[in-house]
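Asker: As listed in TrEMBL for this protein:
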TRANSMEM  44-64  transmembrane segment
TRANSMEM  70-91  transmembrane segment
TRANSMEM  112-134  transmembrane segment
TRANSMEM  161-182  transmembrane segment
TRANSMEM  282-302  transmembrane segment
TRANSMEM  322-343  transmembrane segment
TRANSMEM  381-404  transmembrane segment
TRANSMEM  410-429  transmembrane segment
TRANSMEM  502-520  transmembrane segment
TRANSMEM  554-575  transmembrane segment
TRANSMEM  595-617  transmembrane segment
TRANSMEM  629-653  transmembrane segment
Amino acid sequence: MGTEQAAAVEISEPLLLHDEAAVDKIRAADDQEMERIPEWKDQITIRGLVVSAILGTLFCIITHKLNLTVGIIPSLNVAAGLLGFFFVKSWTGFLSKLGISVQPFTRQENTVIQTCVVACYGLAFSGGFGSYLLSMDEKTYKLIGEDYPGNRAEDVKNPGLLWMMGFIFVVSFLGLFSLVPLRKVMVLEYKLTYPSGTATAMLINSFHTNTGAELARKQVSCLGKYLSISFCWSCFKWFFSGIGDSCGFDNFPSLGLTLFKNTFYFDFSPTYVGCGLICPHIVNCSVLLGAIISWGFLWPFISQRAGDWYPADLGSNDFKGLYGYKVFVAISLILGDGLYNLIKIISVTIKEICTKRQNLPVVKEVTEQKKRDEVFLKDRIPFWFAASGYVGLATISTAAMPMIFPPLKWYLVLCSYILAPALAFCNSYGTGLTDWSLASTYGKIGLFIIASLVGSNGGVLAGLAACGVMMSIVSTAADLMQDFKTGYLTLSSAKSMFVSQLVGTAMGCVIAPLTFWLYWSAFDIGSPDSPYKAPYAVIYREMAILGVEGFSELPKHCLAICCGFFVAALGINLLRDVTPKKVSQFIPIPMAMAVPFYIGAYFAIDMFVGTVILFVWERLNRKDAEDYAGAVASGLICGDGIWTIPSAILSIFRINPPICMYFGPSASS
């Protein structure tokens, strides 16, 4: 997956520097498997699909948890490839000891598993379960305010398992067919790097060499150890979390009670510490800087103006008070960052296409490139198949979408599908150049346009649904092209990549809604006082209301403050691009800064702890940090994510934690 998608911010770092070591690893793996490459049907196995379903379920649970809490989701592609290798290798080793003959585990099968898993859990991210779909529910409607202008009861659609599955099915497959005919152009002619896809290929290739397999075993052992530690710690924390949301380690005033009131505290979350280990240092520091600016200075300053800028007797979640400032300032930063990067990447795309430059960043050519080209072009996907698939699915979706969302008329859906392939191409090309997917930005554009066109009579619901349509297409198209790049470098068939994407998407259409329903049934989703705040649900609904109503109902001075942060986001991004690398690497990222403005500072502290651990580790032993930091982080995230399942089951059966650990001042004044 790319970097910024769907409702949340997914932050990943390009894992491959185009150096000799990377090429050597790829060449070493090529030498071992060049003689025999399995047919595309043999690359897709029953055991591979079973492993994909298991890992897809696990990663959907983890993605939902992150999406519903803070909205920052690190790339789990490396963990998908590593765990896929571990499960199949363990299974084949077990059967071999029993004397049962097994099919050899190839890097092509490993690539198929990784592709399938990423396609599956990608829908938990881009399917809108923490954003545009959840913004439609009654709780978000009431949170914004029943008397809030433009917030109508008619624009409410509560989550339902069947309609969510139907919606995901009718919108998720179109992106896979939209750019298939251009795979040769994107991968072979333009030689786009797709840094995350190239890094994944390098990782998988290294697993299937002797030295790489040994390192993979050590990484899996490390992942398993920290997964166990994380799971046990999460279980231990549960016993002290009491009833409600004010007890336990999640509310530990580790920096003092004064800072605790402004959400500055370390909450002992393995998930957020793991995110800090995976995310680049600049991302973690940007999040902390955003927390300091907002909760350290801006919100205390505005709260002192209660009674002047806004009524002093408003509730903490009233949009006419401080809560409104929090949401709209976060929106302004997100939109400013998204707009800048959209213009930048479209400009780069047009420039490269017009000049047809051949000096794009590419992996250094090796002697096997001709063989790669042959394998990549061997199993063709006919143009008529892709075109008829897109037209057929678009027809079904155009008919089905108004049934699910009546305000979204069929002709608006049809117009979206006519424009979508061009936008999908722009996003895929930009992702190939920069590793930065702007799927959510395209979704927001669709949201504002459709909401304003439909107007007050259903514009909010129609805009949110259109956001999902546009986002799904451009996101899956970029993911597919990135998988084609991975397949190209691992000598995997393009047809097996396409089929595994289809299968993974089909799995995700079932698994993602089911795993979301686990959370929806067990926890208080969307409440500002709940651990599962679903921050982007409120933000997306407010965007839709803005598309319909405009800016007339913002609190006093809110529009001026928002304009200031919007311009600041544009300026910071421009500064990052015009300054030298040695300077720009220290300039914060506005998109990452925006998240704590609304949610709070606590997770920024956790992520900063993770980045400090990684920084010290890199100084002590850089090679060990490079080899094992991802495994440690994945173990921390996975262990905490797995604990969510028994925690949800206990909650469903109304079994409460026995102890409430609470902190207060020693003497009240």
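One-based numbering along the chain as shown.
Keep in mind that glycine also has a Cβ here, set from the backbone N, Cα and C atoms.
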Asker: Taking 3+ C-beta pairs under 8 angstroms (sequence gap of 6 or more) as contact, is the transmembrane segment (381-404) in contact with the transmembrane segment (161-182)?
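Answerer: These two segments touch.
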Asker: Does the transmembrane segment (322-343) come close to the transmembrane segment (70-91), meaning at least 3 CB pairs under 8 Å for residues 6 or more apart?
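Answerer: No, the transmembrane segment (70-91) does not contact the transmembrane segment (322-343).
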Asker: Cβ pairs under 8 Å with the transmembrane segment (322-343): which stretch of 44-64, 554-575, 595-617 has the most?
Answerer: 554-575
